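Colleague: Okay, handing you the structure first.
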Ligand code: G6P
């Protein structure tokens, strides 16, 4: 949350900062601001709301000719979204300019200490203590580097910081602790960003800062030091992402573009990794722990949001295919539980961004207990990828829409392959792998019928509440379908296991409370039909996602969307797609910005 961009190089800084902020806007869009250095001065511009508003305010060649600057788009934590709380923040003298992502937990005590020293604060943010603390150390005669070190030592919490010192415009400073920050390495130019996606089109070479590292960046040089003031080596990671992947193309929204990327995302996840004829799954990222994996007796899947729901599908997959007892937990709950561990348990952390704070904390806890940790991660080189012992990349390309869609399909594909990889009885997997290869074409069939979903969205868009029901593999799909509708259209939606519906939610059912039923013909569809009869008997409208083989459903509703048939463990790869489209169409019909839903952020780097 909160997007950070920094630039020092041969080009005009401001357009690069604004482009970067636009690319990072999914991280927060409560307010935005820039600070640029030009001819001995630092000029600051801030605005409330989206980056577009900031862009409009930067008229009349604001600071043209500058080659050094920082920018920020905010997801408010401390203080309402207004201009004074917008970043960059500065010290009393107007020498130090800071953008920050994370939370400074001890800011209250630091602030009152600094106020007693005579510092004048202009915002309610936690961030503002940083420039004042540096200033305080400078006032006591320390040089800038030492003042910055001492400041970082006093701060508790999480930070990604990028700092301009007006008195030394030859260096752009950056520091990281538990909040992501990446350096983009260019020719005669260097960048800083909270997410590599902001650098697409500028450079494909990045350096991820580690916790406790400080970077000093100039146009041609990168120096990284740790809090012990020792120079640390760094590795340049090459990103395979292309510019088109980060652009909407002919689509009106990233969300729609990313839903339509579904077939390719599934192909990209299994390409070169499965050989269905030989029942073979090859996951290079797991090779180094292959022997250890043979000893694993239990799996724990840890994740947040949509990745958590993919993990819930994983629970069914690992149990059925790998015959491994598996539990999926919210990372935010796992980190504070006090459960006994067995050393033969392995943890699988799932994260699109690879930077989610709760997921990272859960990994740390698992490591502390000596458990092997594996990652399913989309962002190459991200913190989850680096912190886990081994893992599998999604190769889904950048996901820009805040509500996750294509990453879910990709995560499911990787989980299916991992389940086969961990299975002791590989012979039973041939059919599953053959079917997996057919999934992209089947998703294409669903996408080709999107107009039908748009029509149904028109019919259903004014309801205030929805119940989503599924059983077995489609129970997590019901949860994810409800989440999508909530995120995008702000309609209250609840996902439930269909069998559990009679223990509570049925009390809500009236003719104004529709049910989205995920009911392909399978081992539990008969059971679900009975649950839907109970809904029909209470006049609840039903919208069913089903397969042609299911003949009974037409006696319960006329609102039916047919998907192609597949085997049960693979059904979520198909059943989720119409639900993503349904949420998209309802959200857009209601006039909402579906790519940037209110109050949400794509990468949640605070607890
Ligand atoms: C946020 C996003 C969700 C995402 C979740 C987990 O809440 O809005 O779309 O599923 O974080 O993110 P991760 O990057 O760890 O998968």
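Heads up, the Cβ atoms here are built off N, Cα and C, so glycines get one too.
Pasting the feature list from TrEMBL:
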- 2: active site, nucleophile (ACT_SITE)
- 602: active site, for Fru-6P isomerization activity (ACT_SITE)
- 2-220: domain 'Glutamine amidotransferase type-2' (DOMAIN)
- 289-428: domain 'SIS' (DOMAIN)
- 456-597: domain 'SIS' (DOMAIN)
Colleague: I'd like the number of other C-beta atoms within 10 A of the C-beta of residue 2 (active site, nucleophile), please.
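Modeller: Its Cβ has 26 other Cβ atoms within 10 Å.
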Colleague: Let me know how many other Cβ atoms fall within 10 Å of the Cβ of the residue listed as 'active site, for Fru-6P isomerization activity'.
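Modeller: Its Cβ shell of radius 10 Å holds 27 other Cβ atoms.
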Colleague: Distance between the residue listed as 'active site, for Fru-6P isomerization activity' and the residue listed as 'active site, nucleophile' at the Cα atoms, whole Å?
Modeller: 10
Colleague: Would you mind pulling the DSSP three-state label for residue 602 (active site, for Fru-6P isomerization activity)?
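Modeller: Looking at the DSSP assignment, residue 602 (active site, for Fru-6P isomerization activity) belongs to neither helix nor strand, so coil.
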Colleague: Please list, for the domain 'SIS' (289-428), how many residues fall into helix, strand and coil according to DSSP.
Modeller: 64 helix, 28 strand, 48 coil
Colleague: If H, G and I count as helix, E and B as strand, and all else as coil, what does DSSP give for the residue listed as 'active site, nucleophile'?
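Modeller: The three-state answer is coil.
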Colleague: Over the span of the domain 'SIS' (456-597), count residues by DSSP class, listing helix, strand and coil in order.
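Modeller: Across the domain 'SIS' (456-597), the residues distribute as 70 helix, 25 strand, 47 coil.
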